[in-house]
Amino acid sequence: FFFAHESLVLQHTMDWKRMVILFSLAFEALLTPAIVFKVNYTEIDWVAYMQEVAGFLNGERNYMNLKGDTGPLVYPAGFVYIYSILYYLTSEGVNILLGQSIFVGVYLAFVAMVLFIYAYAERMPAWAIFLLCLSKRIHSIFVLRLFNDCLAMLFLFGAVLLFLRDRWSWGCLLYSCGVSVKMNVLLFAPGLFFLLIQRFGVMGTFWKLCICAGVQVVLGLPFLMTYPFEYLHRSFELGRVFFHVWTVNLKFLPEDVFQSKQLAVALLTAHLLCIFIFAHCRWCRSSGGILKVFTAGPKSLSAPHILSVMFEANFIGIVFARTLHFQFYVWYFHTLPYLLWVGCSLLDGLGHKILGQTAGPLVIHVVRVAILFGIEVIWNIFPSRPDTSLALTCIHLTLLAILFASPWDAGAKGARTTPPAKPRPINVKQAEQGVQAGTQKKASPTTRRRRVD
């Protein structure tokens, strides 16, 4: 459905952007399988995943008893079902190459969705889209490690693509499926909530949230009917204590501080406060602020508005995350080009003001690429170090400050939810005939509404 529909969408996209998207897909289709055959697989969590779902397949429904070599099962039911299928397909997890081949397909579908999403980013330079395909760490996470984060983000970006097409019910369903694989998808939840309020009002939002909740209930039913407390406690545990050795973003803190409840409370408070500030000053500005948005009534949303709200909400969660492990890079890497080139519009103004109209844009493009490259380098340093951890945190905080200071014009271009159409040449004679015909008979314009589910 996605690829058939979005291939038609690409026909209305500007030539250069369409060429870059198609070239990127071809590039990934050649590079990713080559990585599988040329680079050795690294075992981290795959065996543990197989051990955890083996218990479920043997009849165990108590989440407290589902464990692997790396510890207890801490993911919701969607993870169990997907990796149970992989368990059978890969001969109980033994056929690693087949598992990698499946994840090659997952990655190519994932990249296709992300690229189709970027077709809606009108202010995004076409050449910058190709940067999405150049991350060494991302390829490793998908096809050399086989993490469940990949599948969760596949559902998430599928949901975002549906939101852009004004298919909110199906999008909420896919979004909740992503949550059922891993809870990190909830970092997008504040943004999604305010988008639903703006698009459907309070009652409409209630029914969309019922879809999200219904998916969780249906998927978790085998566990909720037997050991409900154990399931909810394990799969949606919010108070987990993480190992200091694996953190990428907070390695500069002493271990006792890193694992303290005071730090967890401080980060959560900062997260919620930042969400409130962004929602009031940016996401809900056109409705009069965070309080008036609940009474403003439904309205159409532009594609830039949807992308900006979703990606900024997730990035705020990344900035104030209690820890970031190496596989968590996939949570936000594919949103960084959008945030840098579209969200951080303040950089364009500074470039023009300081360096002029000619040199300014070029220098600012170089700065953006350097930031993206710096983040990529930090995520590829293993093990993480206090200095690289501090550098990453400083970059995150700087980007967040630039995002907040940048003008909020995501919805200024109206309710466009399709990529900009390729301009067509005007036939002067036909135009003149049309004007003459219009003066002879009174027009009765009709408005065709897009079907919204």
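Using N, Cα and C of the backbone, Cβ positions are placed for all residues, glycine too.
Just so you know, TrEMBL annotations never went through curation; they're auto-generated.
Here TrEMBL flags 436-446 as compositional bias 'Polar residues'.
Residues or ranges marked as region 'Disordered' in TrEMBL: 414-453.
For 20-41 (among others), the entry in TrEMBL reads transmembrane segment.
Marked as transmembrane segment by TrEMBL: 73-90 (among others). Tertiary neighbourhood of the transmembrane segment (73-90): same-chain residues 49-50, 52-57, 63, 66-67, 96, 98-99, 102, 148, 151, 177-183, 216, 219-220, 222-223, 231, 234-237, 240, selected by CB-CB distance under 8 Å and a gap of 6+ residues from either end.
Using a Cβ-Cβ cut-off under 8 Å and counting only residues 6 or more beyond its ends in the same chain, the transmembrane segment (102-121) has close neighbours at 2-3, 6, 9-10, 13, 17-18, 21, 24-25, 28-29, 32-33, 36, 86, 89-90, 129, 132-133, 139, 142-143, 146, 150-151, 153-154, 157-158, 160-161, 164, 303-304, 307, 334, 337-338, 341-342, 417-419. Positions annotated as transmembrane segment by TrEMBL: 102-121 (among others).
Listed by sequence, the residues of this chain that lie at least six past the ends of the transmembrane segment (142-162) yet keep a Cβ under 8 A from its Cβ atoms are 2, 6, 32, 35-36, 39-42, 44-46, 49, 75, 79, 82-83, 99-100, 103-104, 106-107, 109-110, 113-114, 116-117, 168, 170-172, 174-175, 177-179, 181-182, 184-185, 188, 306-307, 310, 327-328, 330-331, 334. If you look up TrEMBL, you'll see 142-162 (among others) marked as transmembrane segment.
The transmembrane segment annotation in TrEMBL covers 168-197 (among others).
Non-local neighbours of the transmembrane segment (209-229) in the same chain are 61-64, 76-78, 81, 169, 172-173, 175-177, 179-180, 196, 235; each lies 6+ residues outside the stretch with a CB under 8 Å from one of its CB atoms. Per TrEMBL, transmembrane segment is recorded for 209-229 (among others).
Residues 190-191, 194, 198, 239, 253, 257, 290, 292-293, 308-309, 312-313, 316-317, 319-322, 400, 404, 408 of the same chain sit 6 or more residues outside the transmembrane segment (263-284) yet have a Cβ under 8 Å from a Cβ within it. For 263-284 (among others), the entry in TrEMBL reads transmembrane segment.
Beyond the ends of the transmembrane segment (330-350), by six or more residues, the same chain brings 114, 118, 121, 123-125, 128-129, 131-132, 135, 137-138, 141-142, 147, 149-150, 153, 157, 184, 187, 304, 307-308, 311-312, 314-315, 318, 360-361, 364, 367-368, 371-372, 375, 399, 402-403, 405-407, 409-410 to within a C-beta distance below 8 angstroms of the stretch. Positions annotated as transmembrane segment by TrEMBL: 330-350 (among others).
What TrEMBL records for 362-382 (among others) is transmembrane segment.
Beyond its flanks by at least six residues, the transmembrane segment (388-406) meets 247-252, 274, 277-278, 281-282, 312, 315-316, 318-319, 339-340, 343-347, 371, 374-375, 378-379, 381 of its own chain at Cβ-Cβ distances under 8 Å. What TrEMBL lists as transmembrane segment is 388-406 (among others).
Within the chain carrying the transmembrane segment (20-41), a Cβ under 8 angstroms from the stretch's Cβ atoms is held by residues 10, 13, 96-97, 100-101, 104, 107-108, 111-112, 115-116, 118-119, 126-127, 129-130, 132-133, 139-140, 142-144, all 6 or more beyond its ends.
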